[in-house]
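Before any comments, here is the structure.
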Amino acid sequence: MDRSLSFLVIGDWGRQGLYNQTEIALQMGKIGEKLDIDFIISIGDNFYENGLTGIDDPAFNESFIDIYKAKSLQKLWYNVLGNHDYRGDAEAQLSPILRKKDSRWICLRSYILNAEFVDFFFVDTTPFVDKYFINPESHTYDWRGILPRYEYLSRTLEDLDSALKDSKAYWKIIIGHHTIKSAGHHGTIFCKLVIAPTTNVRMYPQAHNIDFYVNGHDHCLKHITSSNSKIQFLTSGGGSKAWREDINWWNPDELKLYYDGQGFMSFQMTQNTADMAFYDAFGNILQKWSVSKEDIATM
């Protein structure tokens, strides 16, 4: 019998239950129970508008503990930081004290999760975005632990490149807050930024047999394929406030789904297959599809 792995993906969520966050959490609980999920992946912008003020910020309770109460969601939550999280005390979200408050909470800048036959590569994408440094507008960002910036970017990419090369997993998934391919509000961001100025390291997912790049940042649900690689680009940024009718043109041969509302997504994986689905705020399936590892190998 094939080993299996099931999990949910949610992004851009923390609004004290507003903008359908509570309703989405309810549906996540139902789907999580149905799929008997192993964990949840949270892809950044965990607390709006400006992250946490510190480890004692009541928003941690109001936007996380008090919202995701379903029994099926009492599993580990693997988090990355988004740009809004960096507008507050970013290190508070990384603090082990939060895990003492709620044992589900795991948040690091960049890290690897080895889950049997799947390797997840969580990447801290916010420091790669030039405008947050050059033109932050009225925002203040918490860059502790990031500076000197170029050294941090180089080290992040070198570590990622090495980990991808060393991975022997059947499936490889990169998790990052910012988009690589996007038909949404923010457009294509991260792929322009994954160049470390002090090295020549570039991240080309297809070069490392990456299967999926999963992000948030755009407040929508989105599935984009690529004409020049096997990788699929998945956006699950509908955890609360969504942006209606905020879509940019994208090649219709590549754009498989664009939903300008709230929701989340699920993965069910074995060594040979990956079954994925996007859900709206009412738990309705917007898109469901399967990928065979054998089919990918022949692409």
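Quick reminder: no glycine exception, Cβ is built from N, Cα and C everywhere.
The following features are taken from TrEMBL:
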- 6-220: domain 'Calcineurin-like phosphoesterase' (DOMAIN)
- ASP12, ASP45, TYR48, HIS219: Fe cation 1 binding site (BINDING)
- ASP45, ASN83, HIS177, HIS217: Fe cation 2 binding site (BINDING)
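Annotated features, which come from TrEMBL, shown on the structure.
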residue	record	DSSP class
ASP12	Fe cation 1 binding site	coil
ASP45	Fe cation 1 binding site	coil
ASN83	Fe cation 2 binding site	coil
HIS177	Fe cation 2 binding site	coil
HIS217	Fe cation 2 binding site	coil
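Per Cα geometry, ASP45 is the residue among the binding-site residues ASP12, ASP45, TYR48, HIS219 nearest to ASN83 (Fe cation 2 binding site). Mean predicted confidence for the domain 'Calcineurin-like phosphoesterase' (6-220): the pLDDT average there is 90. Highlighted in sequence order, GLY11, TRP13, GLY14, ARG15, GLY82, HIS84, GLY216, HIS217, GLY237, GLY239, SER240, LYS241 have their Cβ within 8 Å of the centre of the Cβ atoms of ASP12, ASP45, TYR48, HIS219, the residues recorded for Fe cation 1, and are not part of that set. Here is what falls inside 10 Å of the CA of HIS177 (Fe cation 2 binding site) among the binding-site residues ASP12, ASP45, HIS219: ASP12, ASP45. Taking all protein chains in view, 21 other C-beta atoms sit within 10 angstroms of the C-beta of ASN83 (Fe cation 2 binding site). Within 8 A of the CB centroid of the Fe cation 2 site residues ASP45, ASN83, HIS177, HIS217, the other residues of that chain are GLY11, ASP12, ILE43, GLY44, LEU81, GLY82, HIS84, ASP85, THR125, THR126, HIS178, GLY216, GLY237. Note on the binding-site residues HIS177, HIS217, HIS219: the fewest other CB atoms within 10 A surround the CB of HIS219.
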